[in-house]
Amino acid sequence: MPVLPARLFCSCLLLSVRDMWYEVGPVWYVHKDGFTHATQLKPDEGTPELPDGRVRVRLETDGSLHDVTEFEVEKCNPLELDLCEDLSDLQSVNESGVLHTLTSRAKANMPLTHAGPNLISLWPPIQTHSKTPKSRRGESVWDAPPALTSLVKRVYLSMVGTRRVHSVCAVGRSGTGKTTTCQAFTHALLKQAGTAGENISVDRVHAMFTILRSFGCVSSQHSDASSRFAMVFSLDFNHAGQVSAGHLQTMMLDKWKVCQKTQNEGNFLVFSQMLAGLSTEMRTELQLHQLPESNSFGILQPTKVEEKQRASVAFTKLLSAMETLSFSSREQKAIWHVLAAIYHLGAAGACKVGRRQFVNFDSAQAASSILGCEAEELDTAVFKHHLRQLLQKATGVSRERNESEEGPRLTASQCVDGMAAGLYEELFTAIVSLINRALNGEQLALASVMVVDTPGLRNPRHSAEERGASWSELCHNYLQERLLEHYHSHNFIHSLERYAQEGIHVEFECPESSSSEVVSAIDQSPPQVRAADADPRGLLWVLDEEMVTPASCESVALERVFQYYSNTVRQCEQPLQCEVNHLTGCDPVRYDLTGWFSRIQNNPSSLNAITLLQNSTIEVVKTMFTSRIYLPPIYRGLGGLEGSSQRALQRNGTIRKTFSGGMAAIRRHSQCIAVKLQADALVNLIRRARPVFLQCVSAKSNGGSFDVPALRAQLHSTQILSALQLYRTGYPEHMTLSDFRCHFQALSPPIMKRYASIFVSHNERKAVEELLVELDVDKKSIVVGASRVFMKRGMLQYLEQQRDQQVTGWLVYLQAACKGHLGRQKYRKLKVVRQPSPLNSNGQRCCQGLFTDSMVVSVLSVMEEPRAQNRSNPVRLAPWRDNWEVNRQDSSVTIAYREGDGVNHADFGVSIAIQRLCAHLDCLSGKEPPGCQLKPL
């Protein structure tokens, strides 16, 4: 055996252990700060393999090699799918692919992306979709991008086709453009469907949003107009598919915002607008000439020139919107009176020690005169409300248990805050009533579309604030969790239960985490009224119980919540603070419970506000608020309970049913229970509707880059990947067996002929199976369940297109026959009741004036469209022109009709005129129906 030289032997040994790697394909390398484009490498023959679960990638940014785990690598989609309109159409649905598609579309000025049946919106967009610059919110309408327009069309067609109520619900953080997206959707829907009547129009709906922006929004760090109320705006459609009426329902979860100062937040926008834009006469009447430097409610006049100009312009738009919605001058005057009274109450202040009274008596006197009451009457309603309770007890007027006495004694500041909150609450609901009066309609509604806009989830950490969240933020965050719970139930629980009931097998595991854990930790009710302390209760119920317990405080309530829900609510190091795992643990919020008992305590001053307004000596103020004097206290935060149409009564009935049973009848004055009931009412309104969710996410960009960790956390809150997986593998579109057979049997004439009779009961399952055989569709795309037909995504749209092509030809014939019938009916209205004999000269003279120029023109105008269609076929009209020429020798009438000659009716004979005109109508009515031929006379 030959011996190799030493140098050659070493080179062969080096080649045997040399690393040789080849490229597999592009992948995403996922890390803590986001994801990076990379290329996956695999070892060649002779190259040692990596340990199990490890892969090697080469980053495209710097070419460096990294050995990472399999879970840190995700597949890439082709480049042509970077701007994919629907995330369900991606080849590889993973977190990095979804984030890359969303950010790529945002950079390409396409902030809206479909996610199956729902929509994702990245806010703020890099550029506005319109060529003209638009403001951030409210002042002008954001033009609907193509993705939103297609969603509007889909919702509209589904609503008209199924005659079911649909809902469009926006979810997400505060400052993510939910209100702007809802406004754009509403305006696009109005343009798509059109309006019927004078009460509803695009201008009126835009005026409604302008008013709500002023009275229901505040300025904050992340938004110029951040909503502080929940809204359900319903558009009712008549049988012609047009919008016939609008109905607005609002819920003011936290009524204390008008008197509560929050760091880096202003008060409601209407106060600064009013102080900057009121006329001189109105300022004199409202005593707003010399404004004090301080205000306990934080209501201050704009000082900078730009702020004054902006507020003045907004006030002008507000007045224009009120005029558009038919607010009378007296009603506007009453609104300014109440707002000015609230301002003067804030300027009056309250003593912190000693006797409960105002600090500034001049401002208190101004507030009483503007409200139309005496200063003593205002002082009694604010501070001495216990005297009225004693009087009622002494006279026996009120024998029921008075919940307003529960809790510790109110301070002077709490009394003033209660009066201001009650006044603004009554004012806001009165404005909603005026809006509904302007948008009301009397036509019978076919179906409705409800647009739901609520305050977003608020976390002080989003604004880099070190403080804990307040009671107001808990109320709004709780409502967001209720909507996310509804989202999870609709997308996962109800869909999987439907598959199980129908016997449809779908390989999918429901996500374990949901918002139900957080919702239970906040509003879990005891099993009975007098339940044991060991039974778990939510934070709202614990606060309500401890508030009325003597010598109790917020710390005792926190200890009980920690005992019940230690996994969801975590105790913080700071006293009276806890952390709640919102958004399925992706966005924990730290709450500070200091002073919460003063917010949830029953405040009789707020209940006395409606009494002051109803007893006002100013007639315009008294007239505006008289109708709300009989509402129970628990309904005070609800707006839009009026309405006379059928749909409005149904919606109001749902709310009244929610507020009339259970604990609502026992705890009528409880602020905690009122928050829960308002959230229950909102969810019950949209529960039976077919929902579409608009997930609005915040994408803070710095130099073109996005905050990927923040995007990732927000997408995890709605479990977008699991929802897309179920949408792709499941059967999202379904119809009942009878509806499917009746709707699509036109695609198969034998099936339609066999099952056409409506007087014979058919075996619907057998008929559907025979129809599917005739249609020759993929068996995996359509599955027949026990009572429904389930279809893969896109299959229903394909069948609808096939049906439209088949039915279009029949509809043309039907339309032609209908136009001919309408033309003959039009002529019969002009026909003489008594036809005189042509042999009678007197009758002939009478008949000469029967057919006037206007009659002939009106009849021929009906035939104008079919005539233009038939002129393109001169061969078909030839026999009619020949028979239309009537000789004078054959009759005493000459009717000469040639193209361009008009009509000559010097002498008309009744019998021949009627015969020839009817023949002309039959000819020009369009194409003849199948099996029928138009024959000349």
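For all residues, glycine too, the Cβ spot is worked out from N, Cα and C.
Annotation source TrEMBL lists signal peptide at 1-19. Residues annotated as domain 'Myosin motor' in TrEMBL: 82-804. Residues or ranges marked as ATP binding site by TrEMBL: Gly172, Arg173, Ser174, Gly175, Thr176, Gly177, Lys178, Thr179.
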For this session: Using the recorded ATP site (Gly172, Arg173, Ser174, Gly175, Thr176, Gly177, Lys178, Thr179) as reference, state which further residues of the same chain have their Cβ within 8 Å of the centre of those residues' Cβ atoms, listed in sequence order.
Result: Trp123, Ala170, Ser223, Gly456, Cys696, Ser698
Problem set entry | Predicted model, mean pLDDT over the domain 'Myosin motor' (82-804) | 89
Exercise. If one looks at the chain holding Gly172 (ATP binding site), which residues at least 6 apart in sequence have a CB under 8 angstroms from its CB?
Worked result: Lys178, Gly456, Leu457, Gln695, Cys696, Val697, Ser698, Gln714
Exercise. Looking at Cβ-Cβ distances, which residues of the chain lie under 8 angstroms from Thr176 (ATP binding site) while being 6 or more apart from it?
Worked result: Ser121, Trp123, Gly456, Cys696, Val697, Ser698
Exercise. Relative to the Cβ of Gly175 (ATP binding site), which residues of the same chain, six or more apart in sequence, are found under 8 Å away?
Worked result: Trp123, Ser220, His222, Ser223, Ser226, Gly456, His462, Ser698
